[in-house]
Amino acid sequence: MEWFEALILGVLQGLTEYLPVSSSGHLAIGSALFGIQGEDNLTFTIAVHVATVLSTLVILWKEIGWIFRGLFKFEMNAETKYVINILVSMIPIGIVGVFFKDYVEEIFGSGLLIVGCMLLLTALLLAFSYYAKPRLKENISMKDAFIIGLAQACAVMPGLSRSGTTIATGLLLGDNKAKLAQFSFLMVIPPILGEALLDGMKIVKGAAAGTSDISVLSLVVGFLAAFISGCVACKWMINIVKKGKLIYFAIYCAIAGAVTIACTLM
């Protein structure tokens, strides 16, 4: 992987991790265009995912600080309930990671046709949430957190946007727009770090076998590109959800999905 390829893919990851257009789908398309695969692709994916987690921590540091201050009061307050909701939302993705990880990895290697189909499904979800009748829930309930977690578990499919799926699900449930976007970005931090740890163990084994030769420069460039673009996209996406402008991303996903399918079948 050349440094300029890492730059492009890093920016792509940073933007699409938060914008509801599927980071996994766009990374798969970008990697296919650049001919990047195997251990190099896995190493780079870990680096840019960790970068976007860091960008979440930077943009939402006030909310994270609020959570930890409340936790250390050691009482059942709003902050403790928030953490419980995040833990509840992790149950479905945890089950998928433990029992279906190999199956999911097979799907990721099945080509771009599935990516195109899932992009179309993302478009439908965003469109449904846009036209859904708005309801006013002040806080995300434990039940809603679990349902949103189910949506996140489904979004392991390449091309099905995690942020788009979770936010659209929350909107259909009638949750508060601003709080929903923040919850969606915070709930994914533990699963991403857990997956990065597991994949990192694979990289260590691969390095011992000499199966990865991606340069340090490419990793650093990709990491910084993903972090900076992720900071911009995270803040932007929160404002987009507040203003209810997801329909534009539904149109984009529909076009991107259709083009991907057409190119795959040609």
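Residue 1 is the first one shown; counting continues down the chain.
Each Cβ is built from the backbone N, Cα and C atoms, and glycine gets one as well.
Per Swiss-Prot, the feature transmembrane segment maps to 41-61 (among others).
Annotation source Swiss-Prot lists transmembrane segment at 80-100 (among others), citing sequence analysis.
Look at Swiss-Prot and you will find 107-127 (among others) tagged as transmembrane segment, backed by sequence analysis.
Among the features that Swiss-Prot reports, transmembrane segment is placed at 140-160 (among others). Packing against the transmembrane segment (140-160) from elsewhere in the chain are residues 22, 24-25, 28, 81, 84-86, 88-93, 95-96, 104, 107-108, 114-119, 121-122, 166, 168-170, 173, 175-176, 179-180, 183-184, 187-188, 191, 257, 260: each is 6 or more residues past its ends and has a CB under 8 Å from a CB in it.
Taken from Swiss-Prot, the feature transmembrane segment applies to 180-200 (among others), supported by sequence analysis. Same-chain neighbours of the transmembrane segment (180-200): 18, 42, 45-46, 49-50, 52-53, 56-57, 60, 63-64, 85-86, 89-90, 93-94, 97, 101, 140, 145, 148-149, 152, 162-163, 166-167, 170-171, 234, 237-238, 241-242, counting only residues six or more beyond its ends whose CB sits under 8 Å from a CB of the stretch.
Residues or ranges marked as transmembrane segment by Swiss-Prot on the basis of sequence analysis: 214-234 (among others).
The feature transmembrane segment is assigned by Swiss-Prot to 246-266 (among others). Proximity of distant same-chain residues to the transmembrane segment (246-266), defined by a Cβ-Cβ separation under 8 Å and at least 6 residues beyond the stretch ends, is recorded for 19-22, 25, 29, 111-113, 115-120, 122-124, 126-127, 129-130, 159, 161, 164, 167-168, 171, 240.
Here the transmembrane segment (214-234) has long-range neighbours at 1-3, 5-11, 13-19, 39-40, 43-44, 47-52, 54-56, 58-60, 185, meaning same-chain residues at least 6 beyond its ends whose C-beta is under 8 angstroms from one of its own.
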